[in-house]
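As recorded in Swiss-Prot:
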- Glu85: active site (ACT_SITE)
- Cys149: active site (ACT_SITE)
- His168: active site (ACT_SITE)
Amino acid sequence: MEQPRKAVVVTGFGPFGEHAVNASWIAVQELEKLGLGDSVDLHVYEIPVEYQTVQRLIPALWEKHSPQLVVHVGVSGMATTVTLEKCGHNKGYKGLDNCRFCPGSQCCVEDGPESIDSIIDMDAVCKRVTTLGLDVSVTISQDAGRYLCDFTYYTSLYRGRGRSAFVHVPPLGKPYNADQLGRALRAIIEEMLGVLEQAEGDISCCHQL
């Protein structure tokens, strides 16, 4: 019997500040060209760097697609590797967005937990991707930066009960080009899906014991 296709949503960000071309959206567009194989329905979206749009759009994407996984991709001017973020944070949002706005409460979800961890084992994903021998270095982080990246991640983790991931990429050419970032994203997301399936298989086995 044919397995149902999995829905995977991947987002990148639009321009902001010094990033007139946002490497995250370029990388996501490269991923879209490559695809994630016949068993995955890939849906990609460009997200404006605006808190209020994120608060409206992220829950809508979860509602529309009921995805197996949502992966958000953002650019970090400080990054020199492709970085897997373990968690999103609820408070500390003071930086103004493209609309010169920041939440009055400085938080994502009032009365929400301080932080939410992804249910994906990022250490395992990092190790698996590293063994593939890609020409891109992959590392782990627990601080997505308290700006729109972190805000988006927490919002998605909260709505998706942890079935979300965030990947930070460096600016284009520092040191990776668009093709390298797109291929790295594909490898990372394929490994994330593998780790998720393995974890769910383990849970299913435990329930049957």
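For all residues, glycine too, the Cβ spot is worked out from N, Cα and C.
Cys149 (active site) falls within a helix when secondary structure is assigned with DSSP. Its Cβ placed at the centre, His168 (active site) has 23 other Cβ atoms within 10 Å.
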